[in-house]
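These notes concern the structure reproduced below.
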Amino acid sequence: MGEWAFLGSLLDAVQLQSPLVGRLWLVVMLIFRILVLATVGGAVFEDEQEEFVCNTLQPGCRQTCYDRAFPVSHYRFWLFHILLLSAPPVLFVIYSVHRAGKEAGGADAGPGPPPRRRCYLLSVALRLLAELAFLAGQALLYGFRVAPHFACAGPPCPHTVDCFVSRPTEKTVFVLFYFAVGLLSALLSVAELGHLLWKGRPRARRCRQGAERDGRRHRAREEARQLRPPPPVPPSRPPRPDPCGPPAYAHAAPAGDSEGGSGRSKASLATVRQDLAI
């Protein structure tokens, strides 16, 4: 029962992110499949090969006839069925934990449906396909009735051998019960898939409309930016005077002015000298 408890704890983690129909599927899975198979199924089918009796003492004939009557044991077939049905929900739990760690780290989801919802839809679809495949396999392998008598012919049996199955009525009831539970589980999976698809239509439409609205706003801002006139160029300011340089009134005189001034001073000096000589 330890293995069943571990599997039940993994499946129980799925109900935190499942709708109501998904939780009903988990109830059917945990109670009417795992619990019933672990408590009743083992007691019904554990002595299946030992109680398979044939009216011959030929070595190997009984084992060969049992293999022809039951290619796969009912109990092992249903165990493999439960494990395969539990694989998509367990993978979804692993992905959800990984996604929650990324969202806690600051990773933003892009536009469109959330990846977690898409992963859950995929897990429900895979679960439904596995359910239908195992229902068809059970109907082809065993049918809906465990016959109490099985006629076996072929080597290593020397002639046609009559073999008998233990508790055929009880096994028939269990086979019918398990098939009915499989049909109920498949119907719940179909209902859950339809519910998720129908519920996701308005959300996808809102996401698409939001993306289109954001695109229109972005294009309008780009067009308004292109039609807007360029901003005026501010006038250039004169350079600030150097605080360490000479004052503004102490600029050097031009070169021509300095030469003219020196010529006039020389002429005036010559006139003064002539006056003194006179």
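Using N, Cα and C of the backbone, Cβ positions are placed for all residues, glycine too.
Under the heading compositional bias 'Basic and acidic residues', TrEMBL lists 209-226.
Marked as compositional bias 'Pro residues' by TrEMBL: 228-246.
Residues or ranges marked as domain 'Connexin N-terminal' by TrEMBL: 43-76. Each residue in the domain 'Connexin N-terminal' (43-76) has a pLDDT score, and their mean in this model is 86.
Annotated domain 'Connexin cysteine-rich' per TrEMBL: 130-196, in sequence order. Sorting each residue of the domain 'Connexin cysteine-rich' (130-196) by its DSSP state yields 41 helix, 8 strand, 18 coil.
Per TrEMBL, region 'Disordered' is recorded for 207-278.
The feature transmembrane segment is assigned by TrEMBL to 24-45 (among others).
As annotated by TrEMBL, transmembrane segment applies to 77-98 (among others).
The transmembrane segment feature in TrEMBL is assigned to 119-141 (among others).
Here TrEMBL flags 175-198 (among others) as transmembrane segment. Long-range contacts of the transmembrane segment (175-198) within the same chain, counting only residues at least 6 positions beyond its ends with a Cβ under 8 Å from a Cβ of the stretch, are 18-19, 21-22, 24-25, 28-29, 32-33, 36-37, 74, 78, 85, 117, 120-121, 124-125, 127-128, 131-132, 134-135, 138-139, 142, 144-146.
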